[in-house]
Structure formats: C-alpha cells, structure tokens
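For reference, TrEMBL has these:
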DOMAIN    2-73  domain 'Helicase XPB/Ssl2 N-terminal'
Amino acid sequence: PESMHEYNLTPHSLYAAVSVGLETSTIINVLEKLSKTRLPKDIIDFVYASTSNYGKVKLVLKKNRYFVESPFPE
C-alpha cells in the first residue's frame with residue numbers, strides 16, 4: 001500500500017537520531033504513534049539499549065596523546 005512505510009532500526013540509525021538531539025523517550029513515543037500495533041517490548045528494549053550510552057564519552061587529543069573524557073563517573 002502507498003501509506004505503508006518500513007524502517008530499519010539499527011544501532012547506527014538510532015545513533016543518528018540521538019546525535020541530532022532526539023531523546024530516547026521521544027524516539028519511542030514517535031514509533032508508538034506511527035505504529036498500527038503496539039511496539040513489542042524487544043523493540044523498546046533495543047532502542048533503550050542502543051541509545052543509553054551515546055554521547056557519554058569523547059576522545060580528546062592533548063599534547064599528541066589521546067584521552068577518553070566523560071562527565072559521567074560510571
């Protein structure tokens with residue numbers, strides 16, 4: 001049908017969504033809104049698992065050495 005859309009949820013596609021400022025809850029809400037059926041728990045868990053750690057660390061070059069920095073203690 002013309003009005004049917006299919007999306008591939010991959011860690012990379014979810015990273016792209018988070019990198020442009022979307023929050024995990026927003027991603028889930030939009031998927032729920034656009035889905036004809038209830039989202040399976042496995043999909044919701046996958047989205048949370050794939051997006052929970054994005055942006056927590058960064059690789060920084062200082063004095064010709066690389067360091068991993070994070071404001072998160074864990």
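Glycine too: its Cβ is placed from the backbone N, Cα and C atoms.
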Over the span of the domain 'Helicase XPB/Ssl2 N-terminal' (2-73), how high is the average pLDDT in this prediction?
90
Tally of residues which DSSP labels helix, strand or coil - the domain 'Helicase XPB/Ssl2 N-terminal' (2-73)
31 helix, 10 strand, 31 coil
